[in-house]
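Here the structure is laid out as structure tokens; the discussion comes afterwards.
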Amino acid sequence: MNTSLVLAGISGICWTIVYIECIRLGFKQKTYSMPFWALALNIAWETLHTIIGYREEGLTLQVGFNAVWCFFDIGILYTYFKYGQKYFPDFLSKNVFIAWSVLGLIVSYFIQYYFVEEFGLVKGGSYSAFLQNLAMSILFIAMFVQRRGNEGQSLTLAINKFIGTLTPTILVGIVGLPAFGKPNLFILVLGICIAVFDIIYIGLLLGKQKES
């Protein structure tokens, strides 16, 4: 059995569940479930790595998951634009909200593109994915604090994010990828940091669930 494929497959399934849950919660609770900057970096990463990945490597398992995630990203982005303005400062207009959001998306595409240009497809994609994942973990906690609870959030989302990141941490940071030549300590450290924040986030959601 190919360990790399198993770990990548588990990660892909878990992240797919995260995206579906974000869309479900968004429409059910009339909110958005993924912090904006995490969403912007995510959709940029997945779009570029679907296109560039297919061009350079063909239809691999990861490219397939990337393409599926792009589809779900559109749904999450829709909930953000539909319900997100109510979380924006009251003194700023809807046009400012839209302009700020579009700017965030454009900046995210530039960041992701130049990660690939500077470090290559696999290394650049791995570095940017783990860095934005760390940002996402912190932003989920910030969202919990800002909303004073678990609005638009769930244990299903949090646990699958945790597992979906733990498996590529093992893959890149312990098993190792050919593109790196050996297990990558930087990715391992980032993965451990992400796991710590994800566990804190799961703990916050469990605490809130017990209060209800």
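Think of each number as a place in line: the chain as shown, counted from 1.
Placement of Cβ uses the backbone N, Cα and C atoms for every residue, glycine included.
Long-range contacts of the transmembrane segment (6-27) within the same chain, counting only residues at least 6 positions beyond its ends with a Cβ under 8 Å from a Cβ of the stretch, are 33-34, 61-62, 64-65, 68-69, 72-73, 75-76, 79-80, 83, 152-154, 156-157, 160-161, 163-165, 167-168, 170-171, 175. Marked as transmembrane segment by TrEMBL: 6-27 (among others).
According to TrEMBL, the transmembrane segment annotation covers 64-83 (among others). Through the fold, the transmembrane segment (64-83) approaches residues 8, 12, 15-16, 19-20, 22-23, 26-27, 30-34, 36, 39, 42-43, 46-47, 49-50, 53-54, 98, 101 of its own chain, all at least 6 residues removed from its boundaries and within a Cβ separation under 8 Å.
Here TrEMBL flags 95-115 (among others) as transmembrane segment. Remote same-chain partners of the transmembrane segment (95-115), defined as residues 6 or more beyond its termini with a Cβ less than 8 Å from a stretch Cβ, comprise 36-37, 40-41, 43-45, 47-48, 80-81, 84-85, 88, 124-125, 127-128.
Long-range contacts of the transmembrane segment (127-145) within the same chain: residues 34-35, 37-38, 41-42, 45, 111-112, 115, 119, 152-153, 158, 161, 165, 168-169, 172, 186-187, 190-191, 193-194, 197-198, 200-201, 204-205, 208, each at least 6 residues beyond the stretch ends and with a Cβ under 8 Å from a Cβ of the stretch. According to TrEMBL, the feature transmembrane segment maps to 127-145 (among others).
Taken from TrEMBL, the feature transmembrane segment applies to 157-179 (among others). Remote same-chain partners of the transmembrane segment (157-179), defined as residues 6 or more beyond its termini with a Cβ less than 8 Å from a stretch Cβ, comprise 3-4, 7-8, 10-15, 17-18, 21-22, 25, 33, 120, 122-123, 126, 129-130, 133, 136-137, 140, 185, 187-192, 194-195, 198-199, 201-202, 205.
Taken from TrEMBL, the feature transmembrane segment covers 185-206 (among others). Under 8 Å from some Cβ of the transmembrane segment (185-206) lie the Cβ atoms of residues 126-127, 130-131, 133-134, 137-138, 140-141, 144, 150, 153-155, 158-159, 161-162, 165-166, 168-170, 172-174, all in the same chain and six or more residues away from its ends.
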